[in-house]
Amino acid sequence: MSQTRGKYDFCIGLVLAMSSSIFIGGSFILKKKGLLRLARKGSMRAGQGGHAYLKEWLWWAGLLSMGAGEVANFAAYAFAPATLVTPLGALSVLVSAILSSFFLNEKLNLHGKIGCLLSILGSTVMVIHAPQEEEVETLNEMSHKLGDPGFVVFATLVVIVSLILIFVVGPRHGQNNILVYITICSVIGALSVSCVKGLGIAIKELFAGKPVLNHLLSWILLLSLIVCVSTQINYLNRALDIFNTSIVTPIYYVIFTTSVLTCSAILFKEWQHMAADDIIGTFSGFLTIIVGIFLLHAFKDVNFTLANLPLSLRKDDRVANGNLLNTYDCFNHDEESSPCLSEIQSTESLSARRNGSLSAF
């Protein structure tokens, strides 16, 4: 019975996580469209500390879409381990990249398409080899986990790093370095996921008729979640306003996922009982996602499609083989053909330059 219930919860968590990625991926596009409209109107930009986006309906539509995604994400964490839910956030990168090519004119070239495919494959591998977290079914158990010295040290470091980035590094380098604002969102996001997991347990207990509202931890988790999410929204808006969406989204995913996996491993001790092949599979899947995301944004300005591939190979083949076949064809058809002669001379000139021949000049 418990095994059947576990599979049922797994399927619910999987569907909710995928729905969350679709809503969140779309929210990036709506928010970016709203911020671009404000920039055209001459309003003070969010990257400079402005809050004019609060009057833009497109930004609110993006916020509502993100809210729906976060609710689905919230529910997914209540039914499935964080190491299953979090990697599926790669789907939001895919959704955002595809929608950006349609609505923001941020073209998705062949490298980007391969990157999206690799992100999906890597996520699939991570889901298959996802570690199983320790069972935490009550708030008392969650309170014990949160009081573990390892997690206390981790949470303290996250808060200190975040404060340094917000008050020291951000004002100096936030406008030029994309990692500043995204790192703030990501490391704080690790704590917000822990809060979501705890509140999910509290909601389950509430439906079971237990006096959850009298438990101090419930209110601490709720307050912490509000603070964390508010900070994430603020600095994610700044990053989206300053930098390209196709760059912000994948980098945010990589740092955020790393932070959540680290936090989840420390909090739930889920790596201690994993087999070696599952550990290798998990890391391999995550590295595959990182490679895919790198391809997605690193070559975004390269105008390269599948239609260019055969032409490029033919050109490389001609240069490598001295264009002997084409030359033979030219002389067989027309010895005085000017296009053929031009092509031969061009090839000879290129070969001479590569060999350092002065006659090429």
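Note: Cβ is positioned from N, Cα and C throughout, glycine not excepted.
Worth saying up front: this structure is predicted, and the values here are computed from it rather than measured.
What TrEMBL says about this protein:
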type     : residues : note
TRANSMEM : 12-30    : transmembrane segment
TRANSMEM : 57-79    : transmembrane segment
TRANSMEM : 85-104   : transmembrane segment
TRANSMEM : 150-171  : transmembrane segment
TRANSMEM : 178-203  : transmembrane segment
TRANSMEM : 215-235  : transmembrane segment
TRANSMEM : 247-267  : transmembrane segment
TRANSMEM : 279-299  : transmembrane segment
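Within the chain, the transmembrane segment (247-267) has long-range Cβ neighbours (under 8 A, six or more residues past its boundaries) at 25, 28, 81-83, 86-87, 89-90, 92-93, 96-97, 131, 133, 145-146, 148, 150-151, 154, 158, 178-179, 182-183, 185-187, 189-191, 193-194, 236, 239-240, 286, 289-290, 293-294, 296-297, 300. Tertiary proximity for the transmembrane segment (85-104) is limited to same-chain residues at least six positions away from its ends with a CB under 8 Å from its CB atoms, namely 13-14, 16-18, 20-22, 24-26, 28-29, 32-33, 36, 69, 73, 76-77, 112, 115-116, 119-120, 122-123, 126-127, 130, 193, 245-246, 249-250, 253, 256-257, 260-261, 264, 285-286, 289, 292-293, 296. Long-range contacts of the transmembrane segment (150-171) within the same chain, counting only residues at least 6 positions beyond its ends with a Cβ under 8 Å from a Cβ of the stretch, are 180-181, 183-184, 187-188, 190-191, 231, 235, 259, 262-263, 266-267.
Long-range neighbours of the transmembrane segment (57-79) within the same chain, counting only residues 6 or more positions beyond its ends whose Cβ lies under 8 Å from a Cβ of the stretch, are 9-10, 12-14, 16-17, 19-24, 26-35, 37-38, 85, 92, 193, 196-197, 199-201, 203-204, 229, 233.
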